[in-house]
Ligand SMILES: NC(=O)c1ccc[n+]([C@@H]2O[C@H](COP(=O)([O-])OP(=O)(O)OC[C@H]3O[C@@H](n4cnc5c(N)ncnc54)[C@H](OP(=O)(O)O)[C@@H]3O)[C@@H](O)[C@H]2O)c1
């Protein structure tokens, strides 16, 4: 089992905006969609997928959702996942992630990873994984379910936050990297180095940034509300960057973290 290299993010997108984004993306050829319980848009994602589903087999789609921190206890995780499934109008998810580690360790890692593995055993999700996990938390999760059971750790990763220590650990364990906010929520696209590389390839800054991450073997899930951006982001799969381009982007790491909510953030590596 593997994670698709490029999917569609849906954070912040609600109501008709998310329906249009998902429907347009599916029409353009996207087949992977990333949502979460806390995004409050699973029902709308489900609606857009259901409309498109007349032309697309469920097997061709890759739907990811994430368990919110309120639902990590053993008696809540599976019922909350079933609720997500009903909103998403599907019998199973392709990938279910623990969205954030339990704040202040209120629910032990062994409890929620155990419940997540049980959900997989029951066929509610094909693959399982985590998000926003540090090396220490990942080690704890691996102790519970084993490294082969954890398909990915979805983490903030873009040219300004390359997260090398964590990525090295994940590589050593065979846990795939999913980069979220690959475009730095638009910030990276203004970078002069990214813009120069884009000009050299007659590509967009977003394509360069996404191609950089995919060339490093990371899955990406950029979001967009615009058809032209959705279409051009998908074409990033065709862009090949040179070693020199990759080396120049490697130098842009400044440790700039955009997502670190006080209540949720673990002690980052
Ligand atoms: N696990 C987690 O805790 C977590 C946290 C954050 C995000 N995520 C996931 O990661 C996904 C991606 O992150 P994100 O949506 O926050 O940020 P992002 O994908 O880095 O950036 C999205 C922003 O970039 C713009 N954009 C997209 N394509 C563009 C292009 N080709 N040219 C110019 N601008 C472009 C979009 O504007 P337009 O709409 O105008 O195109 C939007 O404002 C989320 O949607 C979510 O699914 C997960």
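Here the Cβ of each residue, glycine as well, is placed from N, Cα and C on the backbone.
The domain 'NADP-dependent oxidoreductase' annotation in TrEMBL covers 6-252. Sequence annotations record features per position, and here TrEMBL assigns active site, proton donor to 39. Residues or ranges marked as site 'Lowers pKa of active site Tyr' by TrEMBL: 66. Residues or ranges marked as substrate binding site in TrEMBL: 99.
The structure, with features from TrEMBL marked on it.
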residue : record                               : CB count, 10 Å
39      : active site, proton donor            : 21
66      : site 'Lowers pKa of active site Tyr' : 25
99      : substrate binding site               : 21
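Calculated from their C-alpha atoms, the gap between residue 39 (active site, proton donor) and the residue listed as 'substrate binding site' amounts to 11 Å. DSSP gives residue 39 (active site, proton donor) a helix state. In this structure, the CA atom of residue 66 (site 'Lowers pKa of active site Tyr') is 5 Å away from the CA atom of residue 99 (substrate binding site).
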